[in-house]
Amino acid sequence: MAEGEDMQTLTSIMDALVRISTSMKNMEKELLCPVCQEMYKQPLVLPCTHNVCQACAREVLGQQGYIGHGGDPSSEPTSPASTPSTRSPRLSRRTLPKPDRLDRLLKSGFGTYPGRKRGALHPQTIIFPCPACQGDVELGERGLSGLFRNLTLERVVERYRQSVSVGGAILCQLCKPPPLEATKGCTECRATFCNECFKLFHPWGTQKAQHEPTLPTLSFRPKGLMCPDHKEEVTHYCKTCQRLVCQLCRVRRTHSGHKITPVLSAYQALKDKLTKSLAYILGNQDTVQTQICELEETIRHTEVSGQQAKEEVSQLVRGLGAMLEEKRASLLQAIEECQQERLSRLSAQIHEHQSLLDGSGLVGYAQEVLKETDQPCFVQAAKQLHNRIARATEALQTFRPAASSSFRHCQLDVGREMKLLTELNFLRVPEAPVIDTQRTFAYDQIFLCWRLPPHSPPAWHYTVEFRRTDVPAQPGPARWQRREEVRGTSALLENPDTGSVYVLRVRGCNKAGYGEYSEDVHLHTPPAPGTTQTADMTAVPKMLR
């Protein structure tokens with residue numbers, strides 16, 4: 001009996017370890033720089049809320065021709081370990097901007113040169129191409145020196161490295177080869193030491209002896225988040241600019257009239273929002289998994305339907321003879337592109353939903369961020385994370401497959417005359433009908449009349465939808481009453497409620513599917529007999545546009 005309980009305990013422990021390992025492995029993609037595809041090192045927060053390594057940002061600006069504007073937001077003091085052998089191997093692969101790029105600098109309007117006055121009234125703004133969102137981000141005239149360093153992300157990266165033992169043990173940076181394993185770190189010296197080297201470089205009776213040892217690390221960070229403009233500790237959060245500010249920023253004209261709160265308030269509010277959103281996602285894991293299964297089934301149907309549509313098109317086009325071979329290839333290519341686009345969108349939606357599963361990268365990263373106790377750093381990191389969590393929550397609540405599996409719009413109209421073969425194309429759905437306001441009216445009956453635009457594909461039948469607008473709104477989307485498969489271009493709705501306002505719309509349908517709805521038309525039915533109304537209202541029906 002005891003052996004069975006021990007085995008069950010061991011199994012549960014192993015399962016927990018596997019879940020933790022999987023969660024950390026999935027989280028790794030959240031910790032990779034979009035430029036170098038390596039784990040972040042001294043990440044900077046761009047105005048678009050994405051992160052990039054400081055060295056990578058400098059390289060990108062160098063490639064753009066900006067020289068001397070890759071300022072270091074937190075310049076590192078000289079370290080006894082700052083030798084080529086101890087720098088990041090990633091930096092050794094980078095090519096620094098060469099002097100021959102000076103012409104690009106002059107063209108971009110930066111620096112001081114003949115014909116340009118120092119301290120121009122309208123300095124140009126540095127544009128940084130964000131590798132994550134592919135958008136151009138304005139950094140201002142200060143460049144990288146005006147950006148915050150994401151200390152919370154650095155701590156998460158360091159915890160991840162320690163949990164999965166990335167890179168093995170941390171070695172002493174001052175030992176002669178072969179170096180010993182580091183046992184201490186020094187924030188002031190920005191280096192890691194073994195016991196002997198720490199004593200050697202911190203002799204008793206000197207100022208260095210006052211340095212407090214820390215645990216060995218590969219990333220030395222300042223103790224708190226500092227304002228990049230004034231080098232003061234941030235104490236407030238500007239809701240208008242959505243930026244952390246210090247006391248000096250708060251009194252400057254830049255934030256005059258802005259809504260500024262203490263960083264503690266922003267910390268608590270953002271942490272509560274992030275916690276609730278994360279709890280909602282974790283509490284709806286069954287829904288996430290169900291939606292993923294539905295998306296996978298939609299992908300399978302899309303593949304089958306797409307293949308069927310391609311086969312039908314192939315048979316029709318082959319029957320038209322040799323003169324249609326070139327057109328046939330273009331049609332198949334169009335179907336293939338449409339299918340691949342839909343599969344890509346559905347796969348991306350599955351990938352997005354998989355990030356919401358317990359143990360996924362986004363959820364794991366959010367859980368790690370919630371462990372942050374440094375309030376300014378948490379606000380900085382959680383702001384961008386909460387936006388992603390909020391979007392994921394909204395996508396979860398308003399779930400809908402990103403693409404349809406139907407390929408009905410790929411049907412061909414083979415009844416066209418031979419002279420139109422050069423214009424052969426997929427059958428299109430009817431365009432939105434146009435309501436004929438001159439012939440549409442409401443009395444004891446509602447008569448709705450419409451027509452298709454001149455160049456619209458034909459419609460086999462129409463669907464008319466209507467509802468009352470003067471009744472209390474029910475929760476959820478508006479509920480329309482529907483009249484299906486209406487032949488012709490008019491419809492008669494009998495026995496409407498008297499003294500009511502109806503809204504109506506219509507759309508056409510053919511072999512390719514349903515077209516767009518017409519514009520809504522509002523009709524006011526006359527009051528019931530005996531109701532006190534003006535003569536104009538009882539005699540003439542009123543239509544509201």
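Cβ atoms here come from the backbone N, Cα and C positions, even for glycine.
Remember, TrEMBL labels are computer predictions, not curated facts.
According to TrEMBL, the feature region 'Disordered' maps to 67-98. Taken from TrEMBL, the feature compositional bias 'Low complexity' applies to 73-89. Annotated domain 'B box-type' per TrEMBL: 222-263, in sequence order. Marked as domain 'COS' by TrEMBL: 370-427. The domain 'Fibronectin type-III' annotation in TrEMBL covers 429-528.
Applying DSSP to the domain 'COS' (370-427) sorts its residues as follows: 32 helix, 0 strand, 26 coil. Within the chain, the domain 'B box-type' (222-263) has long-range Cβ neighbours (under 8 A, six or more residues past its boundaries) at 73-74, 142, 145-149, 151, 187, 374-377, 379-380, 383.
Mean pLDDT across the domain 'COS' (370-427) comes to 78 in this model.
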